[in-house]
Amino acid sequence: MFANNTRNIVRGSFLQRCKSTLVVAEHNNETLNPLTLNTITAAKKIGGDVTVLVAGTKCGPASEAVAKVEGVTKVLVAENAAFKGFTPESLTPLVLAAQSQFKFTHILAGASAFGKNVLPRIAAKLDVSPISEIIDVKSEDTFVRTIYAGNAILTLKSKDAVKVITVRGTNFPPAATSGGNGAVEQAPAGDYASSLSEFVSQELTKSDRPELTGAKVIISGGRGLKSGDNFKLLYDLADKFGAAVGASRAAVDAGYVPNDLQIGQTGKIVAPELYVAVGISGAIQHLAGMKDSKTIVAINKDPEAPIFQVADIGLVADLFKAVPELTGKL
């Protein structure tokens, strides 16, 4: 009996040492996307060494920032013209090359458009099942995620040798950006140019307001605003709070605002300190993207609107009267 117990203890210690996670960083070459810090926290909760892959063009500033993040053991840097635009067709073979060399047990990225583009390809190449949008880590092989548009919670145990996971950042605090001393080294070299796609250009919307996924206050509008011009009511209110402005899918589909403002299951997942829903009925798709907000305020003239079921504060009123009055009192 004593001999068997000894073998079990040794085996457990060996597995603990072998755990290692690769986090695929999202950045703009100069600064990290905050979601990467949340993903690093999830990686630390899994246990073992945490390696971060920074791929781009002239991405030295981003890699230096990652090396200082608390809990990061190693930073792999890959600078190549092929990574311009961060296309998944060029990043996938890089991650696979890193996996082949270092044999990570877990590969993580944030559950953003970037992560959702890259990680399913990696999972397919590794012949494993991707695990999407986890909200908690129970152990190295057991994770929690939402299903049915957030109406049910699933605890999932993966038997795959490599766990490929996207992380919902709103459920993990950001890792500290100082206190770390990760070793910086070059990622595996190779020709990562893709013949399948080519990055041409991008046009970014410039705004003085906070980015939606990192904002502490969000003012969000729905179909009840009736037109894009009426979103000015929300912009004026947001200016008082120093807030970001979001929208429901109905408002985006109606053409009131661009789709980068969409909050919901098929948009952005947010969890601000204060979420003000104006003229939003509260469809399941929208609730899935914002119901983790700390305080939810709803303004809607329909007292039966589903949004009131999740709201901490509800105001049954005509938004065209209530919002200007609220703005005027701030």
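Backbone N, Cα and C define each Cβ position, glycine as well.
Here the structure is a predicted model, which means the values were calculated and not measured.
As given in TrEMBL:
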DOMAIN    21-203  domain 'Electron transfer flavoprotein alpha/beta-subunit N-terminal'
BINDING   ARG223, 248-249, 262-266, 279-286, ASN300  FAD binding site
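For the binding-site residues given as ARG223, HIS286, the lowest number of other CB atoms within 10 Å of the residue's CB is seen at ARG223. Look at the Cβ of each of the binding-site residues GLN262, GLN265 and count the other Cβ atoms within 10 Å; the largest number goes with GLN262. Averaged over the domain 'Electron transfer flavoprotein alpha/beta-subunit N-terminal' (21-203), the predicted model reaches a pLDDT of 93. Around ALA283 (FAD binding site), a 10 Å sphere centred on its CB holds 19 further CB atoms from the protein chains shown. If you take the C-beta of ILE280 (FAD binding site) and look for same-chain residues 6 or more apart in sequence within under 8 angstroms, you find SER220, GLY221, GLY222, ARG223, GLY224, SER248, HIS286, ALA298, ASN300, ALA305, ILE307.
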